[in-house]
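S.K.: Reproduced below are the annotations present in TrEMBL:
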- 79-97: transmembrane segment (TRANSMEM)
- 117-135: transmembrane segment (TRANSMEM)
- 123-161: domain 'Mechanosensitive ion channel transmembrane helices 2/3' (DOMAIN)
- 141-160: transmembrane segment (TRANSMEM)
- 162-228: domain 'Mechanosensitive ion channel MscS' (DOMAIN)
- 235-318: domain 'Mechanosensitive ion channel MscS C-terminal' (DOMAIN)
- 337-358: region 'Disordered' (REGION)
- 345-358: compositional bias 'Basic and acidic residues' (COMPBIAS)
């Protein structure tokens, strides 16, 4: 080879050397970002690499020795402390969650949904810290993973907007407490008892013993009627009497059925009032208050029947709509059967015996 060609190849190699070094440096930086080469995982990786190199050269004894030494050092210096830390955090998790659960159970003013939210949050925090500490003890760089989780969280948030809205609405319901587990609520055409409040849905058991699962995002944007929030719940039982009847007599008849009912609230005495003068009846209503709002529906149905029986027993007429038609001029109907006088009924229809007596 000519000296000039040798010099040209040497110059080209010198020009490519910085690029190669830069690429190797970038790869090393990436590896360093993911794994701490001075930590347990990094040292174990180097030992395994050296063992593989020795095995490729036929030095199998040295390769096995490298692997054994690397695994033993990793187990003693990193794996064992990581396992001990994991056990320690597991004990801390059980103790902290247990203490919180007992403390929240004694706090009668804390809603069940809020209790579950606090307990779940405590578990997530402790498990997250435990994961970071254990990975760091193993020699894994945690910062890149945390950054990656943040980016993934943003992407998931955009992809699951409805779920995120329901979660935020669930937190709002738990903190604002428009209703609690066990309350009777009315939402749209749904009436029932709240069975469970989760971060995503609210479960309501209807009167038909069906479970209505409502997304929390819809619940917080609609009108909610809570029948159990106040200390007494009023029930209104409407009824009507004929115009010829006395409202006072009807009042006495229906108020008599409320006497001695211990389910009624003593601070709110029953009342029977006239609410409207209808086309065919004097409209009235019996108003009673319950001490226990959870029995609203059966008590309402019971008193509707009791009011009917009380009015009938008192001889008070319960009217139904009547229609009277007055015709001033009926020329158009002259000569028709509509205005014809009634014809006499045949003797047979009167039950008379028209047979010959002979």
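Placed from the backbone N, Cα and C atoms, the Cβ positions cover glycine too.
TrEMBL: automatically predicted annotations, no manual curation.
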S.K.: For the transmembrane segment (117-135), give me same-chain residues lying six or more residues beyond its boundaries with a C-beta closer than 8 angstroms to one of its C-beta atoms, as numbers and ranges.
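M.R.: Residues 82, 85-86, 89-90, 92-93, 96-97, 100-101, 104, 142, 145-146, 171, 174, 199.
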S.K.: Do you know the mean pLDDT across the domain 'Mechanosensitive ion channel MscS' (162-228)?
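M.R.: Across the domain 'Mechanosensitive ion channel MscS' (162-228), the average pLDDT comes out at 84.
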S.K.: Just to be sure I understand, if DSSP states are collapsed into helix, strand and coil, how many residues of the domain 'Mechanosensitive ion channel MscS C-terminal' (235-318) fall in each?
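M.R.: Breakdown, helix to coil: 31 helix, 24 strand, 29 coil.
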S.K.: I'd like the per-state residue tally for the domain 'Mechanosensitive ion channel MscS' (162-228) from DSSP, helix first, then strand, then coil.
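M.R.: For the domain 'Mechanosensitive ion channel MscS' (162-228), the helix, strand and coil counts are 19 helix, 26 strand, 22 coil.
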